[in-house]
Amino acid sequence: MAEKGASRGPMRRFWSLPRKRRGAPGHPKPDEIMHQDIVPLCAADIQEQLKRRFAYLSGGRGQDGSPVITFPDYPAFSEIPDKEFQSVMTYLTSIPSLQDAGIGFILVIDRRQDKWTSVKASVLRIAASFPANLQLVLVLRPTGFFQRTLSEIAFKFNRDDFKMKVPVIMLSSVPELHGYIDKSQLTEDLGGTLDYCHSRWLCHRTAIESFALMVKQTAQMLQSFGTELAETELPNDVQSTSSVLSTHTEKKDKAKEDLQLAQKEGQRLLESLREPLAESTAHSVNQDQLDSQATVQRLLAQLNETEAAFHEFWAKHQQKLEQCLQLRHFEQGFREVKATLDTASQKIATFTDIGNSLAHVEHLLRSLASFEEKSSVAVERARALAQQGQQLIENKHYAVDSIHPKCEELQHLCHQFATEIGSRRALLSKSQELHRLLETSMKWCDEGIYLLASQPVDKCQSQDGAEAALQEIEKFLETGEENKIQELSKIYKEYETILNPDLLDHVQKVFQKQESMQEMFHRRQASLKKLAAKQTRPVQPVAPRPEALTKSPCPSPGSWRGSENSGPEGSALRRGPYRRAKSEMSENRQGRDSSTGDEEEGLAILRRHVMNELLDTERAYVEELLSVLEGYAAEMENPLMTHLISTGLHNKKDVLFGNMEEIYHFHNRVFLRELERCTDCPELVGRCFLERMEDFQIYEKYCQNKPRSESLWRQCSTCPFFQECQKKLDHKLSLDSYLLKPVQRITKYQLLLKEMLKYSRNCEGAEDLQEALSSILGILKAVNDSMHLIAITGYDGNLSDLGKLLMQGSFSVWTDHKKGHTKVKELARFKPMQRHLFLHEKAVLFCKKREENGEGYEKAPSYSYKQSLNMTAVGITENVKGDAKKFEIWYNAREEVYIVQAPTPEIKAAWVNEIRKVLTSQLQACREASQHRTLEQSHSLPLPAPSSTSPSGGNSRHVKKQEERKTDPLSLEGYVSSSLPKPPEKGKGWSKTSHSLEVPEDEGGWSSAEEPINSSDAEEDGGVGPKKLVPGKYTVVLDDEKGGPDTLAMRSGDVVEVVEEGAEGLW
């Protein structure tokens, strides 16, 4: 139940003051003014009667202090109505104090200028209607001789008529009057010295009574306001409490203004009463004037006391309202904080995942830290609120019983949240510790497998080699104490709290892998110990005969391709069937055109239908873009809508809408109009797309901005601004659905073009439609590729310097480096790397794909840059034996070899063809440049990567082997990069640093004890190293005159005979 306002106790002081004895009827005390029920007679009510001056109260007093009322000579006295006469008498007798009035009044009746009959009537009238006590009646009788004599005789004979409660004394002259009343108490017309001005007296009496009425009304107003405050129920919410406090404060200020106005009026009146004395110190003040001043002073004192009492009451009432407002703020904050912390606790309860890998656990820990950081605002607010509540209690708030339990609950919620966060962090830390142990063990196992794979088998055949390998193994096994899992039961016991079935299975698998690896080591140890103990005699290696190398029964696929693609007869054979097929298709088409007129008409109807759909959807698309730009984007700059926009949206218009305005203007002003021109000839719509294909590039910019736009939308989607705009537009869908329209539109075009092309095969614009479809698909691919490209992280250079992005995709990659200490064969089979490749015109990038958690575009992957290969030093092997999805990318003359496995053979073929095109264009550019290069330039510039010269995929011919009578093209294993041959060292032959030509050769490879590595189909026995040249004659296709004096200069067209290739690659 709502509480009441401040108690009425303080207010009683100004509306229930102790009553004093009532003064004279016309002399109200302050409490009388406020409490008298009968309205007293005021001077303002009988002002006209008082102005006649037939009676007045001069302020004079008798010897015993009796008030003197004077009835001056007034000829029309008898004509005064009784009611008016009675009112004046009542008013005049109410002015003196009760004490003075209790003595009795002295009446001075001046009838010196009147007749006896009038005197008698006046005295009798006054005596009959006088409302107060009379002490003495003094009558100045007529001064005329006849009238005076008549009055003496008549008074003696009519004495009984004048029998009154007080004596009536007939006076013959003014001096006689002075014997009864001192001259200082009589006005000048009665021979006295008393200063009396009837108009001034009347003005003062009116002002005093008006001030008394003002005081009374002010007191009643304060009484009513105090009652309202005391009976006010305290509201239960912040807004209502603030409103009540504001309203009461305004009323208090108004009441204070009225009170101050009354005080100023009282002070002005008091100064007016004191003015005669201020003007002349010799001026004497009569008793009535003194009483008037005292009355005003008492009224002012009453006002001051009322003001003090009201201020005291208001201070307590205001304090209670302010405390109530503080309480409502506290309660509202409590509800908000409690709801937030309850939600946070519920969210923590959903954090049950303990991670499936070290990276996952670390991600969960980061998420927990982020969640804790975000929740820390609510926790800090809860603690501050609890502290605020304690402060209210210390300040003796009236609602201590309500505040104290809430403070305790806030402290409990903070402690509970901290405990839950700590418990969750402890579990994740335990999981992190276990996963780190598991990954350390797995890394140790991988290093062990790598060690086994890297030990050369041929060197282990000797006793020294076996002993060295054995020492390596023993040294490696010594590191297992700190890297491997020691006891599985200990792991189970220590990490019991986090071992769910999946993690338990993972622990068991890691332990099994560890055990298997150790068993492999033990087997290798046993074998090496036997070899170390066995005395082997040296074996002299013998190279195979060259003739055996040239008699390979199965030439490489590259040689077949080379022979098929090189000769003119082969080209003619290929072109012949194609031309015949094309001729037959042309004849069949003509036959169909002449016989299927009805079918063509049906196709024309279908084309118009597709065209209508294209136009209708285009117009709807333009209208939707316009509604978004006008209804949302423009409204963000509308001052009337600023208050609805959250701070997170300020200056973010370009982020949210991207270049939508540019897209709208293109479609509205250009593309829609051009489409409308094709209404009658739908089959020609392909030309519209082709002419504006460059303009469609604006979609790439929009799509690249889409992740930022969607992220901003998720942050601000609940903003009232969007709801208001959607309501005004009467959209059924929210803004994010319309922001997706451009992405949907650019993908819609290719579907419509496919439909149009389906019904326009034999029409005039079929080729344009096909080209437009290809171009739109190319734009979609470019947009898709660019979305992946902007997700690359860690690349130091500028990606635009690498040229156009041609292709991108995910592959499994094995490395096979031939030089250095990282010679790996077995490891390449054990653990392929998952890499995302980006093929540019000038380089190929290897990146690691990282999936991101989130929604929408935030769930899109990112790519961590790992390495790049310059296309000028890249070569490929199109086929790798054993898998139709694999191909090789090698670098720097096979110093580094990357075996790439595509998801499908089709993807592999597309990549191989694209790489072939790049290498072909590089070779063609190199050849064109070399033809115009001067001799000096040819000595100083390196040769770019040679590639196929045939656009259909045939192999390049850098060097041709020439026999005695016939020259056959030399087949290459793949496409290789090279530089010009280096000068021979010590004059013994050619430096074979450029692998410009390769032939199949039986060259033994190497393998571990378990399984040999995959090899190219061009490498018959698994050898993946550089091939040696077969002795024979070759034709030089590039000039080389660089080198020292012992270097053999070569020019294009020379025929050389290779006798032998040495061990260091010298010819």
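Quick reminder: no glycine exception, Cβ is built from N, Cα and C everywhere.
Remember, predicted model here, so these are calculated numbers, not experimental data.
Taken from TrEMBL as is:
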| type | residues | note |
| --- | --- | --- |
| REGION | 1-31 | region 'Disordered' |
| DOMAIN | 26-198 | domain 'CRAL-TRIO' |
| REGION | 236-257 | region 'Disordered' |
| COMPBIAS | 237-247 | compositional bias 'Polar residues' |
| COMPBIAS | 248-257 | compositional bias 'Basic and acidic residues' |
| REGION | 530-600 | region 'Disordered' |
| COMPBIAS | 581-592 | compositional bias 'Basic and acidic residues' |
| DOMAIN | 606-786 | domain 'DH' |
| DOMAIN | 804-920 | domain 'PH' |
| REGION | 930-1030 | region 'Disordered' |
| COMPBIAS | 938-956 | compositional bias 'Low complexity' |
Secondary structure composition of the compositional bias 'Polar residues' (237-247) [DSSP: H/G/I, E/B, coil]: 10 helix, 0 strand, 1 coil
Cβ contacts under 8 Å made by the region 'Disordered' (236-257) with residues that lie 6+ beyond its boundaries: 2, 221-222, 225, 228-229, 307, 310, 314, 317-318, 321-322, 324-325, 328-329, 332
Residues of the domain 'PH' (804-920) by DSSP state, where helix covers H, G and I: 28 helix, 56 strand, 33 coil
DSSP-derived helix, strand and coil totals, residue by residue, for the compositional bias 'Basic and acidic residues' (248-257): 10 helix, 0 strand, 0 coil
Overall pLDDT for the domain 'PH' (804-920), taken as the rounded mean: 82
